[in-house]
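Participant: Checked TrEMBL, it gives:
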type: TRANSMEM; residues: 12-34; note: transmembrane segment
type: DOMAIN; residues: 16-139; note: domain 'GtrA/DPMS transmembrane'
type: TRANSMEM; residues: 40-60; note: transmembrane segment
type: TRANSMEM; residues: 72-93; note: transmembrane segment
type: TRANSMEM; residues: 113-131; note: transmembrane segment
């Protein structure tokens, strides 16, 4: 357990968070613009923003956060799988969780506002799931795989 915690909280986490913060700002700006101005809806706006922002996320995390040396196409496939799974899980959970929390607090908001709060909640859940998946699956180098 100690080795897992040590591997989890290393230099790559800080770099991942810096890169992720930049991507999160861009992703949320795109999500809200697509949701409010282009009327893409909850799923359309979040999926489109994630697809666009995933390109820079892949490049910077492969090169800087995880210093991955495997072939691009192998890593890209694993990266895309992690993004897809984390996105679906996070945003599928975020909508009902947000509605439940708002109801528990006694707050009644119009659905457009609730969906936008859910996008923020989804982003937080996604970030937590995504770091774990990227570090231990998508960008795991062959040398790391031999260790355990």
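From the backbone N, Cα and C atoms, a Cβ is placed for every residue, glycine too.
TrEMBL labels come from automatic prediction, so no person has curated them.
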Participant: When each of 40-60, 72-93, 113-131 is checked against the transmembrane segment (12-34) for Cβ pairs under 8 Å, which one has the most?
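Facilitator: Of the candidates 40-60, 72-93, 113-131, 40-60 scores highest.
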Participant: What else in the chain is close to the transmembrane segment (72-93), if you only count residues 6 or more beyond its ends and a Cβ gap under 8 Å?
Facilitator: 42-43, 46-47, 50, 54, 57-58, 61-62, 118-119, 122-123, 125-126, 129-130, 133-134, 137-139
Participant: If you run through the domain 'GtrA/DPMS transmembrane' (16-139) with DSSP, how many residues end up as helix, strand and coil?
Facilitator: 107 helix, 0 strand, 17 coil
